[in-house]
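Down below is the structure, laid out as structure tokens.
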């Protein structure tokens, strides 16, 4: 059917938008599932709960945490709508093949993830999905310094570690000007 991408910096509402879209389909009695990478510590798998950075929770009957997608493709046959949160953590080839295969088999895939790391380098998982996607939504946050629209994520410290799970203690959204002026925070 189709692939939709929701992307942007941290705190731009990607998970909130994913939850909103999935909730709309659930209200229409569509069979939905949400997938999150097993590295994501905002999820409460035992309670089937997905949590955004604001603490908003959605309880979902069908919630799966995994780090590999393609070898589990058969378990998604029963779903019409498949949401994938924190897509930047998944292997880019695995994610691309998974999404393309399911979309070609009549599933709607909604993928949410960061547009880039704190060095403004794009995540391969997003880049590889762009050519095979029907819809791309780029969200913005609010700059922590000047309160203008923010399109980048800046890391406060530990800048030698590219993938590090953290919240506002470690990452902040910033605009281009404030990124360039303040990206020396240690």
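Even glycines carry a Cβ here, placed using N, Cα and C.
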Binding-site annotation, Swiss-Prot, substrate: partner of 162, 163, 164, 165, 166 in 118, 145, 152: 118
Euclidean distance between Cα atoms of residue 9 (ATP binding site) and residue 118 (substrate binding site), Å: 9
Of the binding-site residues listed as 8, 9, 15, 175, the one whose CA lies nearest the CA of residue 164 (substrate binding site): 9
Integer Å distance between the CA atoms belonging to residue 86 (active site, proton acceptor) and residue 163 (substrate binding site): 12
Of the binding-site residues listed as 9, 11, 175, 178, the one whose CA lies nearest the CA of residue 162 (substrate binding site): 9
List of residues, in chain order, with Cβ under 8 A from that of residue 146 (Zn(2+) binding site) and at least 6 apart: 175, 177, 178
Binding-site residues (162, 163, 165, 175), the one with most neighbouring Cβ atoms at 10 Å: 175
